[in-house]
Amino acid sequence: MDLPRGIKGAPDWLPPDARAFEHVERTVLDTAARAGYERVRTPIFEPTEVFARGVGESTDVVQKEMYTFLDKGDRSLTLRPEGTAGVMRAALEANVPKTGGLPAKWAYAGEFFRQERPQAGRQRQFNQVGIEALGTEDPVVDAETVLLGWEALQRLGLHELVLRINNLGDREDRAAYHEHLNAYLDRFDLPAEVEERRRLNPLRAFDSKAPGMAEIMAEAPVLSDHVSEAAKAHYAQVVELLEAEGVPLTHDPQLVRGLDYYTRTTFEYQAANLGAQSAVGGGGRYDGLAEDLGWPERFPGIGWALGIDRTLLALRTDGVELPETQRVAVFVVAASTDLAPQAFALTSELRRAGTSADLACDGRSLKAQFKAADRSGARYAVVLGQREVEAGEVTVRDLFTGEQRTVARDAAVAEFLEG
């Protein structure tokens, strides 16, 4: 019988890669926590309408990439392809807009799913960590949001970064701009797919990878030239705040991102070393999303998501050395199998005292146990030999320096904690 194999595009994360993964996720979440963002968790599947209405019928995500299925109750469900729509659904269902204490500042991390062709930095099951600030239109929060993503990537060691940013205005601005864009596009014999998608949303023409479209769209009118004075003032303040923080940014009037809910401030973080797959994250404001999902009034928000898979690829391409995560602080070594019970008891005692500890199994030789101790990343080995046990002692060896000392067995845990 053949061994089952994993699904292409749904990678396994095993040590040491899993430790690097956790380092990225933990660093980003810690950066968000410093700014008051609380962790939330939402389901990995939602009613399909959450994404169809929230993300937009015209997007590649909804048209081509979602994993959608019927459950036993004939309900259409979809594995989440992105995080914002589900977080907003959860906020509205919990009546967050009416509970006060806004903005709600939330952070999340988890798995997401899109039916794409697997390649470097792009998987069918991928991982993101993100933040959402709900219930505020303050440009200061826009700047804070953009800055937090920038600082998280800087903390990880990604310094060759480009921040592209644009002003998509309000939805009222969009209608007038669509007329200008459609008038321009009418001059060309466009591919059938582009024609179909621009009937739903002309902005999606900017996403097209069809031959010749890049040249056509390079000369197209841009949305940021057709936004309201209020939207321009909002954007100007965001840019001013970011520049005051020393964040180098590039205004890109053709940046529209691939999701229909974006309004006003929209941005993308790019790693210069990744070529065509350079975006490691991005986001923007989505002031109309709540109404798209059926909420009776405006409930604004802004957020971003960083791709953990793509960020790790950028870090490794840049040669950034990720910190080695110490699995345990102490490794207990027994000089003989007869001393295994005492080694087990000491290991358990260390753990109960709050010290991470491990020990070898399967009757390994002393040499093999020290190799296992080195692999564990432990700073100390606590060695139990027959003579030491009879004398009521243990040997504590510093695995980094090679220095060692003998201490009383009854004081071993306290001695180690002090050392």
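Using N, Cα and C of the backbone, Cβ positions are placed for all residues, glycine too.
TrEMBL lists GLU82, GLY83, THR84, GLN128, GLU132, ARG257, TYR261, TYR262 as binding L-histidine, and of ARG75, ARG114, ARG117, ARG122 the one it places in that same site is ARG114. Here the Cβ of GLU82 (L-histidine binding site) has 22 other Cβ atoms within 10 Å, regardless of which shown protein chain they belong to. DSSP assigns GLN128 (L-histidine binding site) to a strand.
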